[in-house]
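Peer 1: Here it is, the structure, as structure tokens.
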Amino acid sequence: FKGGDTCEYLLSSGRFLGEKVWQPHSCMMHKYKNSEAKNCLIDKHIVFIGDSRIRQLFYSFIKLINPQVKEEGNKHGNIPFEDKSASIKVDFLWYPEVNGSMKQRIKSWTEGSVAKPHIIVVGAATWSIKIHNGSNEALTQYKINITSIAPLLEKLAKSSDVYWVLQDPVYEDMLSDSRKMITNEKIDAYNEAAVRILNSSSRNSKAKVKVFSVSKLIAQETIMKSADGLHLPESSRDTNAMILMNVYCNKIMKPIDGSCCQPQPPLTLIQKLAFCFFTLSIIGYLIINLIHRNNFRKNKSCTDLESGEEKKPAISTPNVSTLEMLLHSFCKLGLIMTYFYLCDRANLFMKENKFYTHSSFFIPIVYILVLGVFYTENTKETKVLNREQTDEWKGWMQLVILIYHISGASTFLPVYMHIRVLVAAYLFQTGYGHFSYFWIKGDFGVYRVCQVLFRLNFLVVVLCIVMDRPYQFYYFVPLVTVWFMIIYATLAVWPQIVQKKANGNCLWHFGLLLKLICLLTCIYFLSYSQGAFEKIFSFWPLSKCFELNGNVYEWWFRWKLDRYVVFHGMLFAFIYLALQKRQMISEGKGDPLFSSRVSNVLLFISVVSFLTYSIWASSCKNKTECNELHPSVSVVQILAFILIRNIPGYVRSVYSSFFAWFGKISLELFICQYHIWLAADTKGILVLIPGYPMFNVLVSTFIFVCVAHEISQITNDLAQIVVPKDNSTLLKRLLCVAGFFSGLLLFSAMQDQSRH
């Protein structure tokens, strides 16, 4: 740990990921759009002073503000640029040598009431080498001149951002005869002089001239692609301009995926209260544990000398054990949340940008598939979508999604479309599982609802508090929560139609189908009426849960993307359970689901459908158009997979215990990845061990999986305590939960007010 000044890393070190993606050491760069650059630089004056290389940087910088700018005008003269819409002024001042003229210009900003530029970028040396034919006298004069200018730059650095751009290396073989004297040896000597002299009088001051040395590293990799051996190729210039924009704008705009130069966010009131709560839980657990140990020693069983029988110690009251279990769970959770905070909110661990290659996605996929097949076992039951099979399905899908996220594969459209099907398959299971439970059990009690809601939302609520993120940020949990409530409302509303009732009268089946048709109609209406959808979820306090960046558009987009698949899951469950009840399918061990002929035909149709969808997804050219079709066609591949997996008796009778293990903690894996596997809220990758990418992934993955498993156990333990089966006790707990969320909303409102 070298401290939290990631600006220094951004300006001085890094490496290329691939050919064009620059990765600063330890932090992440944000790719600024034109609108973001304008918002950051509004009412600002930026000045570039130097030679043709600085002019190149000037043009790359202003193209971030206005991409339509062309490199025109007098190359050996001053070039002004102004964006009147944002009141931004950017000037290039032609001073190819560090001399008296440059000094006078800089001095004019330090004297009197002349408006100082907000950003000053300076650099020059190659002209001095060229004009004086690389003489040592020219280097001596350069040192004298820069020594006289340095105090002025340091004075300006107290009120402006001042950057000295070191000279990039040249590609000597490509230099023209008139530039042959510009050698890398000479350039290194000039750079060394600049670094030694700048800030020499203000080494202990916070106001310093920032040395822009990263350009040298970039040039070392790309200068051979230069057109003349002296000037950088356009992609390298653009990278330098983007680094400059990150250095200045990240602390203003605070982009999620731009961790460089961002200070650690201050703790909010809610975070401070959470810290106090977890601290008290840890202290409370330690005290109770010490008391129990002392009692155990006092009451330790001893042998009765007369009878030879063992005396049993007094049994502690169940209330104490429940309290201890509660404090133990919160104690572990507090330590885990500390790790979350250190990983993704404190500037302790490094973060890096994602970089997609086909091998980084497909090789791990092949590896986990081989592992999954290796751990094959027989299922306890051979029903369609039995528990082991659904756990296995969730497990391998979750592992694929994790690899998709860490490899940055969302940039590759065919992979993106297939991952969309996996997310849809999760929601399909939501519809299938909850419908099956309510249809078979007929249990619409409050206990069942509270248990499901607690298990789904507990971790996310804690993370919203600790990580200071809105509920909608963890979009998948709100999605499955809302769909669970929709399924519950559809089946619980009068008339309640369950399997037991429908078996007595077939007309009830039509009643249930009528309910499903009404649900489909509502889904269709809301998906094409954004205004009505936003009105529903814009009412307070729903708006606090579903707003992201001040509106509910993101929530509407996420909901709309898989709007029909939960309905498809419910309909599939209804049809399957009806066929099962009438014994129209065979679910014996090793038996095909249907007769041989029907099974073969369905298998053929399923394989063709599965491959057809994959071909269509792989041929997608436009993400928006494919997303429009996705809600209607994703069910094709899901149903095809279910039939392929369940029609052959042998395939239905085995499962992968490897995938099933991960399936049991799939929700925790999906949520935990945001902060302790990925970084910057999924935009980057957490780096625990710098310099060893593979080893880093292995270590961070091991910790991440262990933490997810531990949180799953904590959630299960707390669910037994917080959601009791006794209705009167449950009602009291619900009142406590309502009070907790009311307090949370109050503190949240206070936080928002203080921020504004």
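The first residue you see is number 1, and the count goes up from there.
Positions of Cβ are set from backbone N, Cα and C atoms, glycine also.
According to TrEMBL, the feature domain 'NXPE C-terminal' maps to 22-92. Taken from TrEMBL, the feature domain 'Cas1p 10 TM acyl transferase' covers 253-734. Feature annotation from TrEMBL assigns transmembrane segment to 269-291, 355-375, 396-417, 423-440, 452-468, 474-494, 506-526, 561-579, 600-617, 659-679, 685-709, 730-750.
Give me the lay of the land around each of these features.
Peer 2: Among residues of the same chain six or more beyond the transmembrane segment (396-417), those with a C-beta under 8 A of the stretch's C-beta atoms are 354-358, 360-361, 364-365, 368-369, 372, 423, 425-426, 617-621, 623, 626, 630, 656, 659, 662-663, 666, 669-670, 673, 677-678, 682, 685, 697.
When Cβ-Cβ distances below 8 Å are used as the criterion, the transmembrane segment (423-440) is approached by residues 385, 390, 393-394, 397, 401, 448, 452, 476, 479-480, 483-484, 487-488, 491-492, 498-499, 562, 565-570, 572-574, 577, 630, 634-635, 638, 641 of the same chain, each at least six residues removed from its ends.
Taking Cβ pairs closer than 8 Å, the transmembrane segment (474-494) reaches residues 423, 426-427, 430-431, 434-435, 438-439, 444, 449, 452-453, 456-457, 460, 463-464, 515-516, 518-519, 545-546, 554-555, 558-559, 562, 566, 570, 667, 670-671, 674 in its own chain, all 6 or more past its ends.
Within the same chain, residues 486, 490-491, 493, 495, 497, 532-533, 536, 563-564, 567, 570-571, 574, 578 sit at least 6 positions outside the transmembrane segment (506-526) and bring their C-beta atoms closer than 8 Å to a C-beta of that stretch.
Distant neighbours of the transmembrane segment (561-579): 384-385, 420, 423-425, 427-433, 435-436, 439-440, 479, 483, 486-487, 490, 499, 509, 512-513, 516, 519-520, 523, 526-527, 585, 627, 630-632, 634-635, 638-639, 642; these residues of the same chain sit at least 6 beyond its ends, with a Cβ under 8 Å from one of its Cβ atoms.
Long-range Cβ contacts of the transmembrane segment (685-709) within its own chain (Cβ-Cβ under 8 Å, at least 6 residues beyond either end) map to 25-26, 336, 339, 343-344, 349-354, 406, 665, 668-669, 672-673, 676-679.
Long-range contacts of the transmembrane segment (730-750) within the same chain: residues 269-270, 273, 446-447, 450, 465, 541, 544, 722-724, each at least 6 residues beyond the stretch ends and with a Cβ under 8 Å from a Cβ of the stretch.
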Peer 1: Quick one: find which recorded stretch in 269-291, 355-375, 659-679 has the most Cβ pairs under 8 Å with the transmembrane segment (452-468).
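Peer 2: Per the Cβ count, the answer is 659-679.
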Peer 1: Write out how many residues of the domain 'NXPE C-terminal' (22-92) are helix, how many strand and how many coil, based on DSSP.
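Peer 2: For that range the per-state counts are 22 helix, 19 strand, 30 coil.
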Peer 1: Under 8 Å between C-beta atoms and at least six residues away from its ends: which parts of the chain pack against the transmembrane segment (269-291)?
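Peer 2: For the transmembrane segment (269-291), the nonlocal Cβ contacts are 320, 323-324, 327-328, 330-331, 333-335, 337-338, 465-466, 468, 744, 747-748, 750-751.
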Peer 1: What residues elsewhere in the chain lie close to the transmembrane segment (659-679), defined as a C-beta under 8 angstroms and at least 6 residues from its ends?
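Peer 2: Sequence-remote neighbours of the transmembrane segment (659-679) are 28, 259, 339-340, 343-344, 349, 351-352, 372, 375, 388, 390-399, 401-402, 405-406, 455-456, 459-460, 463, 467, 474, 476-477, 685-687, 700-701, 703-705, 707-709, 711-712, 715.
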